[in-house]
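Enquirer: Handing you a structure now.
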C-alpha cells in the first residue's frame, strides 16, 4: 500500500514582504519592458516562496504516489497477462507459507485433477462409501464453497482400497463436466490392474454430468458409454472411447445443451493393445494440441481441430513395440518408447523423424512462444540441449546448465536447478541472466531437485537447503535479482501446481499442505 511521503518544513519568521510603494521606473533593475515587476536575479519574491514550497511538496507526493500506482498497475498487468497460462499460480509474496492443511475429503479433491473455475478450485471424488460428489473449494482457506452429490453410494467401492477417479474438466463458459461411473464390479484379470496391487473395480454404467462451476447447480445429465474419456475444448465437451474393432469414436457436444457439434471415428485397429484392450474398459487419452486435441490409445490416434477437421492421422507402428505410445511436447506429436529410449517426431502425414536419444522435457509453465524448440537432456552430463522440431537439428547445447525444471514465458526460457535459475534466449541458448546468489543459509543443496513456480512476476525456485527446512528463492523475471526468500515446513519436499493452487508434499508427510 502506498503512503504519501512526510516532508519536514521549517517555518521562518521575521521575513516581511516588501512594502508597497510607487512602481519603479520602466527600464530600472527589476522592471520589465511592460512596466510589471519581475524577480531580481538570484532572489525569489517572498510571497512566492511559501506557495512554491507547498506546491513542491504536493508535486513530490503526487509523483511518488503516481510511481507507486504505476508499479501496482504493472504488477496487476503481469498477473493478468499470464493468468490464463497453464501452470501460472496466484500471486506469490514473501510471506509464502502454509495456508491450510486439507482433511481427507479436501485431499481427495486436491488429487482429483483440481482445476480453477472463476476463483474456485473444483474437482470430484468418491467418498469412503463409494458415493461420488463434485466439490468446489476456496483456494485460500480450503472452505467448501459447494458440494453436490453425483450419484449413490456403491457397495463395491466401499470395500476397495483403490478408488477410481472421477474425470472432470471445465469449459470456457464456466461449466464443470464430469464422467461418473456406477454399478461397479470386480475387475477381470488384466483389466484395470495396477502393477503389484489390487485391480481397480470397473463400472457397469457411466453418466456425463454437467454443473455450473460457480454454484454447483446441475445443468444436465446424460448416459454415456463405459470406457469414455472427456476433455473440454472451448465450449464443447469432447468424448472418446475405443470400439470393439479398435477404432476410436470421438464426439464433440455443446457443454450446456448437449447438442452434437461433430463426430469422427478412426479406422479399425487405430488403438493398440498397450493402452487399450480391444473392447475393454480402458479409456483412450484426449490431449490438447494447439487449438485442437490429440485422441490416442497406444501409438495410434488422430489429431482434430476444434471444428472436428482431421489435421493428422497416426497409424500404429508395425514393429510390434508394445511400449510405444503417442505423447505431446510443446504442441508436437511424438511417438516414444521406453524400451527404445528415444522418440520420433511425427509429421502431419503420420511419418516419423528420428530424434536424439532421450525424451523431451515437459515444461511446468509454457505460454507457447518459440514453439519449435524442444528441450532434451544434454548428450554430455546433466545439462540441456535445444532441438529444433522444424529443421530436425540441434539448435544449441548448454551442458553447463543443469536442468531440474523449466518455464517458457514471453520469449524467455527460464531453467531452475540447485544453483538457482538461469534465463536463456531460446533462439540460440545464450544466457540473458544468471540469478543472484542467495545468502549462504538459503543456498540449495547440490543434490536438491528444484521445482519451479511463477506468478508472472517472480520465478520461485523451491528446493532443499544444505541444512534446515526447504526454501523458496524468488527471483525477478526481468533480471534474476533475488526479490525474497521464504522458508517452508520441513515436511514439504516437493511442490506441484493444480489449477492455480500450490500443493506441497513429501515422502512420509502426514498430509499435503496448500501454500500461498
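Heads up, residue numbers simply count up from 1 along the chain you see.
A Cβ is built for glycine as well, from the same backbone N, Cα and C atoms used for every other residue.
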Enquirer: Of the ranges 258-280, 281-303, 304-326, which one does TrEMBL flag as region 'Disordered'?
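Expert: Comparing 258-280, 281-303, 304-326 with TrEMBL, region 'Disordered' matches 258-280.
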Enquirer: Please compute the mean pLDDT of the model over the domain 'Pyrrolo-quinoline quinone repeat' (386-494).
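Expert: Averaging the confidence scores along the domain 'Pyrrolo-quinoline quinone repeat' (386-494) gives 93.
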Enquirer: Which residue counts does DSSP yield for the domain 'Pyrrolo-quinoline quinone repeat' (386-494) in the helix, strand and coil classes, in that order?
Expert: 3 helix, 54 strand, 52 coil
Enquirer: Give me the DSSP three-state residue breakdown of the compositional bias 'Polar residues' (263-273), ordered helix, strand, coil.
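Expert: So the compositional bias 'Polar residues' (263-273) is made up of 0 helix, 3 strand, 8 coil.
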